[in-house]
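Participant: Sharing a structure below in structure tokens format, with a few things to ask.
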Amino acid sequence: MKGIFLVLEGIDGCGKSTQIEHLAQWLPLSGLMPSAAKLFITREPGGTRLGKSLRQLLLGTSPTDESPKPLTELLLYAADRAQHVSQVIQPKINNGDWVISDRFSSSTLAYQGFGRRLDKSLIKELENIATQGITPDLTFLLEIPVSESIKRRENTRKDRIESEGEIFLKRVSDGFSYIAKNDNWLVIPANQKKDIVSKQIENKLINYFQNISSLKNERS
């Protein structure tokens, strides 16, 4: 039996890391996971040893003072994802385990496609290669206003992508809202107290797996 692949997406400051930490504690005790399944938490970029080096280049924490151009940036994200899928996500899912990733391919479409305004058809072509056909079972978009994102990050050290201006971030936010119209996306208003957001995610997951169970029973 294959495992489950969950992804949390959203603009910077939306609270993904906080909610993933909560899920890491809640899911194994929720009764949703098979007893033999393990839960793995990962992220993009940087979900592998190679990916950590790529993350430094992409986010501007590398010793080099040379920033990648937009097309180079896109290709580096694709390289990170190809390694991540091959080395982490695919093997874990094939083993029946559950994987939660902080960002996946939709972040590339939102940031590089909508934010950088790179060719979206090229991005999708690269993503098809990098993901090797892997798609999340469910993606949560933690949605906050751009103004709230900026406010939350006021006194934090920003990486290269986070340092982009408000106009760029608005394009990214609009991109996520557009992408989230696809199937298997759930939008959570994240401009609320953390525990309220956590409870909404829990309820959505419970409903999702109950519906899957009902469909299986109908077909059997």
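Just so you know, glycine gets a Cβ as well, placed from its N, Cα and C.
What Swiss-Prot records for this protein is below:
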{"type": "BINDING", "residues": "Gly10, Ile11, Asp12, Gly13, Cys14, Gly15, Lys16, Ser17", "note": "ATP binding site"}
Participant: Same chain, not part of Gly10, Ile11, Asp12, Gly13, Cys14, Gly15, Lys16, Ser17: whose C-beta falls within 8 angstroms of the C-beta centre of the ATP site? Give them in sequence order.
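Facilitator: Counting only non-site residues, the set is Leu142, Ile144, Ser149, Ala190.
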Participant: Which site among Gly10, Gly13, Gly15 has the most other CB atoms no more than 10 Å from its CB, taking these as binding-site residues?
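Facilitator: Going through Gly10, Gly13, Gly15 one by one, the largest Cβ count within 10 Å is at Gly10.
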Participant: For a quick check of understanding: among the binding-site residues Ile11, Cys14, which residue's Cβ has the most other Cβ atoms within 10 Å?
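Facilitator: The residue with the most neighbouring Cβ atoms within 10 Å is Ile11.
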Participant: Per DSSP, Cys14 (ATP binding site) is which: helix, strand or coil?
Facilitator: coil
Participant: Near Ser17 (ATP binding site), which residues of its chain come within a Cβ-Cβ distance under 8 Å, counting only those 6 or more away in sequence?
Facilitator: Asp102
